Structure formats: C-alpha cells, structure tokens
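Feature list (source: Swiss-Prot):
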- 232: phosphoserine (MOD_RES)
- 234: phosphoserine (MOD_RES)
- 236: phosphoserine (MOD_RES)
- 254-315: coiled coil (COILED)
- 484-509: region 'Disordered' (REGION)
- 490-509: compositional bias 'Acidic residues' (COMPBIAS)
- 552: phosphothreonine (MOD_RES)
- 585: phosphoserine (MOD_RES)
- 589: phosphoserine (MOD_RES)
- 595: phosphoserine (MOD_RES)
- 604-651: region 'Disordered' (REGION)
C-alpha cells in the first residue's frame with residue numbers, strides 16, 4: 001500500500017516535480033491542481049501570518065522549483081512572495097520566512113526576478129533578529145552581485161544598489177547597517193566594487209556612533225585583513241587546475257625526464273597565470289581613492305579629540321589619521337601636539353604612537369612643527385636615566401621622522417645624538433650609528449667631521465632642499481653611464497677584430513691566445529672614467545642621452561645600478577676594499593608606510609627572565625618520551641606482590657627485622673656479590 005500511495009502525484013510533490021521538469025506540457029493539469037491548492041493555502045495564511053504552515057512551505061518550494069516550466073502561470077508568484085515578506089517579515093515564523101527567502105533565491109538563480117528589487121528587499125530583511133537568515137542573505141547578496149558583474153561591470157545595477165546601501169548605513173537598526181557595511185567591504189576586497197564611490201560610502205561609516213560599525217570601517221582602511229589574505233596561494237574562485245592537480249597527475253603517471261620537464265613547464269605557466277589573475281595591489285589602495293582626504297582627516301581628528309571610546313579605538317583613529325597625512329601629504333598641524341601628549345616611556349602602546357608620529361611626518365610640514373616633536377622624543381626617551389631599550393626606541397623614532405622630514409633636525413640635536421655612538425649599550429650604539437649613516441646620505445655637513453666618513457661622490461652630491469624647494473632636473477641623473485658603456489662596447493668590438501685576426505695567424509703555430517675581457521674590468525674602466533670626468537660634463541652627457549633617445553627598461557636598470565654603486569662605494573670598512581661589488585638588482589623598494597619593526601628594532605636580543613626560560617624548557621619537553629621502563633602487570637586488577645609491599649613498608653616496622661640488622665653487618669665479599677647480582681639483573685632488564 002505504501003508503494004501505491006507514493007505514486008499518487010497530488011500527494012507526492014517531489015515525484016511530480018521530477019516529472020514536470022522532464023515533460024512540462026504533459027502535467028499541466030496536475031500543476032494547476034497544485035497551484036490552486038497553493039493559492040487557497042496562501043489566502044488562509046494571510047489571515048494569520050504569525051502561524052507556521054508546513055503545507056504552504058512545501059507548496060512554495062514546489063512552485064519555485066518548477067517556475068521556469070510554466071512562466072505564464074507563475075508570473076505573479078515572485079511578487080506575491082516579495083510583498084508577503086516586506087509587509088510581514090517581523091511576525092512570520094522563522095522557518096517559514098527562511099523558506100520564502102530560499103524560494104526567492106532559487107527564482108533569482110533561474111533569472112526569473114529582477115536583481116535590484118530583490119536585493120533591496122533582502123537588505124531590509126537584514127533587520128530581522130534571525131542570525132541564520134542574515135548569514136544566508138549576506139552570502140546570496142555577495143554572490144549575486146559578483147555574478148552580475150562577472151562578464152562586465154553592470155553600472156546600472158551597481159549605482160542603484162550603492163545608493164540604497166548609502167541609506168542603509170544611516171539606518172537606525174545597527175545590525176542592518178553593520179551587515180550592509182560588511183557587504184560593501186567584501187565586494188571591495190573581491191575587486192567587484194573597487195571604485196571610488198564604494199570607498200567614499202565606507203568613509204561615512206567612520207563617523208558612526210555605533211562602535212561595531214566604526215571599528216569595521218577603520219579596520220578596512222587600515223588594511224589588516226588585506227595583509228592576512230595577501231599571501232594565500234589558492235582562492236575558491238580560481239578556475240582551472242591547481243598545483244596539487246598537476247603534482248597528482250605526475251605522481252600517478254609514468255615517471256621520466258620528459259614528464260618531469262612537462263610538469264615544470266606546466267607549473268611555470270600556472271604561476272604566470274596566477275600572477276595575471278591577481279589584481280594589481282599597492283599599499284592600502286582604498287586610502288588613495290578618497291575624494292577629499294584633507295576634509296576627511298580634519299573630521300577624524302575632531303572626532304578623536306572628543307572620542308569616548310576604548311583606548312584601542314582611539315589608537316585606530318590615530319593610525320588612520322597618520323596614514324592619511326603621510327600618504328596624501330596633508331596639512332594637519334593640530335595632530336602633532338595631540339600626539340605629543342602621549343609621548344612618554346610609561347605610556348601604553350607608546351611604540352605605536354611613535355610610529356604614528358613618524359607616519360604623519362612629510363617634507364611639506366613646516367620644520368618648526370616637527371622640531372618640537374623631535375625635542376619631546378629626545379627629552380623623554382633619549383636620556384641616561386632610561387633603560388637601553390627605551391633609548392633605542394627613541395633614537396629609532398627620531399631617525400624615521402627625520403628621514404621623512406630632514407629639515408626638522410637641528411645641528412645641535414644631531415651632534416648630541418651622534419655621541420651615543422660610543423654608548424655602553426649595544427642597542428643604543430647601533431641605533432645612533434644608523435642615524436649617523438642616514439645623515440651621511442642626506443646632509444653630511446650637519447655631522448661632526450669625525451662622523452662624516454670618507455667623502456665620496458654620493459656624499460658630495462647630497463644636499464637637503466630648503467622648505468618648499470623643488471629640485472626639477474632636465475635630465476635623468478646617472479644617464480651618462482650609458483654613453484660611457486657605449487664607448488666601451490665599440491672599443492671591445494675593435495679589440496675583438498684584432499684578436500680574431502691574431503688568432504687566425506697564430507692558429508698555424510698551435511699556440512693559445514689569452515683574451516682578457518671581464519665584466520669587472522669593464523666596470524672598473526667605466527668607474528675610472530666617471531671619476532675623472534667633471535660634474536658639468538656629466539650633466540651635459542646625461543642631458544644629451546635623455547633627450548636624444550628613448551630609454552629601455554635595461555637602460556633604466558643600468559642607471560639604477562650605477563646610482564646604487566655610488567652609495568656602495570661610500571660604505572666604510574671591508575666594503576671599501578672591494579670596490580666593484582655585484583649589486584643585488586632585486587632590492588626591495590621601501591613601502592609608503594612604516595612598520596612597527598622600524599621603531600622597535602633591537603640589534604641585541606634582550607635576556608629572558610627565569611619564567612620565560614622555564615616556560616621554553618617545559619615546552620620543549622612536551623614531545624619527549626619517558627626513558628623509564630614501566631612495569632606492566634598481566635592482570636592490572638591483581639594485588640601487589642610481597643616484594644612491592646616490602647618496599648613500601650614503613651621503616652619503623654622493619655628496623656628490627658633480621659634482613660635489616662644483618663645488612664649493616666655484611667662483609668665486603670657479601671656486598672660485592674650483592675652488587676654483582678644487582679648489575680646482572682639490571683642488564684637483563686635493559687635488554
């Protein structure tokens with residue numbers, strides 16, 4: 001009977017659904033029967049929308065599954081569900097509300113609903129106190145917008161949704177506003193909505209009175225999540241074979257040099273494709289897309305001065321302001337005195353505050369404003385009453401500030417800090433040396449003569465520009481090296497012809513001809529010519545090359561290497577003996593933001609205290625096996641033997657026994673035999 005009942009189509013919706021999908025015209029009557037049943041159930045439900053209805057939920061999902069089969073009959077079905085959700089979403093049963101949303105998502109996936117109206121409805125449903133529903137809607141919104149912009153940017157839909165989200169961010173419901181912000185941030189990170197409008201909508205969230213929204217917006221601009229995801233090798237969205245697929249294919253196939261070469265080639269191609277697919281990212285690109293960074297930074301500073309949030313939130317605000325000022329080179333003079341109040345060694349997170357002060361420094365800030373900041377750091381940190389670590393942090397901070405704003409450093413302060421080169425603490429000494437080395441490249445004339453080092457071409461050319469001065473050159477510095485290299489190549493060609501003719505003559509005699517043309521000798525010849533050439537002639541040659549030809553990437557690389565060579569020649573000590581070093585061309589360029597390591601850098605590792613050393617030692621023993629052999633009983637529930645009882649017996653009960661009294665009176669021979677037996681027994685046990 002049960003099998004027969006299962007074949008009854010009106011009561012078995014999954015079977016009917018399967019048959020309709022196979023042949024829709026053949027089952028129109030059965031569909032209309034269910035559709036009328038659905039309409040009657042819907043009318044009853046509208047009278048009491050707060051009551052659950054399992055039958056209605058099944059019918060709604062059935063209609064959604066076959067929506068594409070009868071579009072003329074179900075043309076009003078999506079709108080009915082949307083109206084029901086928009087008017088009654090607060091009173092609906094959670095399970096039924098989830099079913100209606102899933103039905104709409106199913107219809108949207110079949111492209112039977114307009115995306116704009118549906119997404120607006122889903123944003124309104126984010127106000128519901130249903131965590132599972134909010135998570136489902138969030139996933140669908142992100143995926144749907146990604147699919148809309150998959151082939152090309154659909155600006156028409158994007159503009160409508162962005163405007164709607166802008167209103168949602170100002171919504172009184174904190175949950176809905178936070179979810180809307182999360183959607184925008186996720187879409188920006190996936191490079192779907194990576195335009196300036198999205199970024200400037202997110203900037204409004206930085207002034208929200210709701211802490212969660214404020215922190216989410218600040219975290220986005222500070223780029224913490226980008227840094228975490230930057231090094232991930234695989235993404236769920238990437239199509240095509242992965243490195244694992246290629247390795248499995250090689251492991252299961254025939255081994256051989258030919259297949260190995262194929263694998264290596266495939267891995268190279270895969271790596272190249274991944275690089276192409278990877279979006280071009282520069283440091284914290286969202287900050288670069290802000291329309292009016294000056295006004296934004298001023299508003300943030302005003303908010304920071306009256307902020308009553310936790311200390312961590314204040315630190316995030318300070319960090320964002322300092323990044324804005326440093327990257328956009330803004331004028332925010334009130335920020336420096338505000339930061340100056342916190343520059344005390346006992347201040348919580350003082351190294352981060354020093355980092356913010358360094359980030360906010362740039363060459364357009366008047367030097368007198370940064371000078372007061374430098375003096376505060378020097379007076380509070382770089383004094384003998386402080387520990388070596390505090391002094392090191394202070395000198396490192398001064399070095400980073402002056403690297404960005406060299407005019408702020410006075411000659412008197414620099415000479416005082418240079419005296420710490422001979423300090424007893426190694427960290428302080430090395431930090432002072434790095435500061436001296438910085439000014440050897442920036443302006444050696446500010447240092448005392450003994451600290452300037454050997455004068456070289458790079459140090460002679462070094463000069464700090466005056467405040468507001470522009471150093472506009474009509475040539476590419478260092479381009480004269482290309483002219484000299486060209487001359488060397490022509491000479492080499494002539495020598496080559498001569499050596500070739502000589503070798504032809506001497507081949508008959510059977511003698512070898514030694515030809516000496518190494519890259520080191522060429523470098524040496526070019527460097528010698530450069531040294532002998534006056535400065536005016538160099539500039540003229542560089543200007544002639546810059547205006548007469550189009551430079552290639554190789555030419556720029558040669559110029560860069562030559563400029564780096566000048567700085568390498570200025571290095572003291574052992575590097576001076578080896579003049580013609582091979583310079584690493586892959587040197588990493590310095591980013592536009594500082595890291596905390598630049599401030600906290602200690603050249604000598606501090607000693608660990610007893611607790612730290614003990615914790616490290618105990619952590620190393622976790623995986624160590626015990627070397628004592630445990631005695632195992634055949635029956636673990638059996639009682640202890642007489643021998644074990646004897647060992648555990650109280651001595652006061654044993655002191656008058658014959659064994660104890662005779663043990664002390666044993667002869668040397670008895671002791672010798674007892675020792676032998678014990679050793680033999682121990683050896684057996686070790687086996």
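Residue 1 is the first one shown; counting continues down the chain.
Yeah, the Cβs are placed from backbone N, Cα and C, and that goes for glycine too.
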Residue 595 (phosphoserine) and the residue listed as 'phosphothreonine', Cα-Cα, nearest whole angstrom: 34
Other CB atoms, at most 10 A from the CB of residue 595 (phosphoserine): 10
Neighbouring C-beta atoms (10 Å sphere around the C-beta of the residue listed as 'phosphothreonine'): 9
